[in-house]
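Reviewing the structure listed below.
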Amino acid sequence: MKRCCEGVGLPCLFKGVGMATPRPPKYLLVFDFDETIINENSDDSIARAAPGQALPERIRQTFREGFYNEYMQRVLAYMGDQGVKMGDFKTVYENIPLSPGMPDLFQFLSKNHELFEIILISDANMFGIECNLRAAGFYSLFRKVFSNPASFDKRGYLTLGPYHSHKCLECPANMCKRKILTEYLAERAQEEVEFERVFYVGDGANDFCPSVTLTSADVAFPRKGYPMHRMTQEMEKKQPGTFQATVVPWESAAEVARYLQEVLKKKC
């Protein structure tokens, strides 16, 4: 089916038939959350709800590399002990600013929603992500959100769990984004939805892990100067050609929007 050039992404009409049968989305767009969609690490941000807007040193000293989820469980237990309630957390999450250009990117995706299937894979937590994206007005863009489960117990404490277990040696104990993305693509393929291209927007080391599985047809959008960007550069330097996806670093998410707009124009 041909596609109109005016209003990129809108299906053309068949003469005398009306609108064509809706097609599955052509592209999968994967987002990280912390320091990608939002301009902060939400786990750090919630300290603003703690007494004195800071965590005590005795709590911060319990952090161990690769076990951040367990550390955050202790942080949230401390905040519960200090009387921090659901409304306090909600206020903090709702007010975390989006990254530069992210509203522009989301507006572009809203206008071209039939071409993109959008998912979010984050090592934050479901409660915080939903609070933030609903407040920003963009939660409905996402077909699925993968993040650590979070809920309030009978005491009113925000509790956090691990997303899953895995065998990847590169990722935190509670989440491997490569495993999530691989399983999601396999699940969608079983449902007879296969994507022409995958676009991955992230910033951290745990975003590098899934991006290594991308093909030469796909695009990785690492935030410029962040770990994912540095790791793609290091891989290309040490093992040229190993990282197959096109790499498009960004400072403003508006740059991602412009790139995707060019992709759609070329398909027109």
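Glycine residues also receive a Cβ, built from the backbone N, Cα and C atoms like all the rest.
Predicted automatically and left uncurated, TrEMBL annotations should be read as such.
What TrEMBL records for D32 is active site, nucleophile. Counting only same-chain residues at least 6 apart in sequence, those with a Cβ under 8 Å from the Cβ of D32 (active site, nucleophile) are L120, I121, S122, V201, G202, D203, G204, D207.
If you look up TrEMBL, you'll see D32, D34, D203 marked as Mg(2+) binding site.
Counted within 10 Å of its Cβ, the other Cβ atoms near D34 (Mg(2+) binding site) come to 23, all protein chains included. Annotation comment: TrEMBL describes D34 as active site, proton donor.
Other Cβ atoms within 10 Å of the Cβ of D43 (substrate binding site), summed over all protein chains shown, number 19. Sequence annotations record features per position, and here TrEMBL assigns substrate binding site to D43, D123.
For the Mg(2+) site, the Cβ centre of D32, D34, D203 serves as reference, and the other residues of the chain with Cβ at most 8 Å from it are F33, E35, T36, I37, S122, G202, G204, D207, R223, Y226.
Other Cβ atoms within 10 Å of the Cβ of D123 (substrate binding site) number 26 in total over all chains.
With respect to their backbone Cα atoms, D34 (Mg(2+) binding site) and D43 (substrate binding site) stand 9 Å from each other.
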